[in-house]
Amino acid sequence: MQWLAPAKDERVMDLFCGLGNFALPLAGLAREVVAVEGVATMVERAAVNAMSNDLHNVQFFQADLSQPLTHADWAAEGFSAVLLDPPRDGAFEVVRQIRKTGARRLLYVSCNPATLARDAVELIRQGYRLKRAGILDMFPQTAHVEAMALFEMSK
């Protein structure tokens, strides 16, 4: 959350939100969080998590994230920042559309550094620049790592 650093007046989108592991903490920092997941049962559980934590500024939506994002009602206002935490195969289709959200900052969290690198090329092509990157060894003594990259729109 420190890397993305949402302000109290910002609208943030969390894509591939799962149960809300990032969306819920973001809700404590931003004006509004829109969290989107492809699996309907995950969306239902995430909404229950938000209510259980008395968070009213986060909304959860089920959507096919390979389809255009800007056609959805929840995307109409645009966003200051986006957090992506896609599955191992990455988020290339989403990344191809991400500039249309208006986001100036994007935090990409990945369990597959290779797909993060592939998607980073597209983000840079769209005018984002890599501001910060790191690897987290969350699974010691295995080949699995989490990679994070913060991108900002070039001025």
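Residue numbering: from 1, along the chain as shown.
Using N, Cα and C of the backbone, Cβ positions are placed for all residues, glycine too.
Over in TrEMBL, the protein carries these features:
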BINDING   F16, E37, D85  S-adenosyl-L-methionine binding site
ACT_SITE  C111  active site, nucleophile
ACT_SITE  C111  active site
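Separation of the C-alpha atoms of F16 (S-adenosyl-L-methionine binding site) and the residue listed as 'active site, nucleophile': 13 Å, rounded to the nearest whole number. For the recorded S-adenosyl-L-methionine site, residues F16, E37, D85 set the reference point as the centre of their Cβ atoms, and the other residues of that chain within 8 Å of it by Cβ are D14, L15, C17, G18, A35, V36, G38, L65, L84, P86, P87.
Taking CA atoms as the reference points, E37 (S-adenosyl-L-methionine binding site) and the residue listed as 'active site, nucleophile' are 17 Å apart. Remark: the residue listed as 'active site, nucleophile' has P87, R88, H144, V145, E146, A147 as non-local neighbours, by Cβ distance under 8 Å and separation of at least 6 in sequence.
When the binding-site residues E37, D85 are compared by the number of other CB atoms within 10 angstroms of each CB, D85 has the fewest. F16 (S-adenosyl-L-methionine binding site) counts 20 other C-beta atoms within 10 Å of its own C-beta, drawing on all protein chains shown. Across the residues the record lists as binding S-adenosyl-L-methionine (F16, E37, D85), the two Cα atoms farthest apart are 10 Å from each other.
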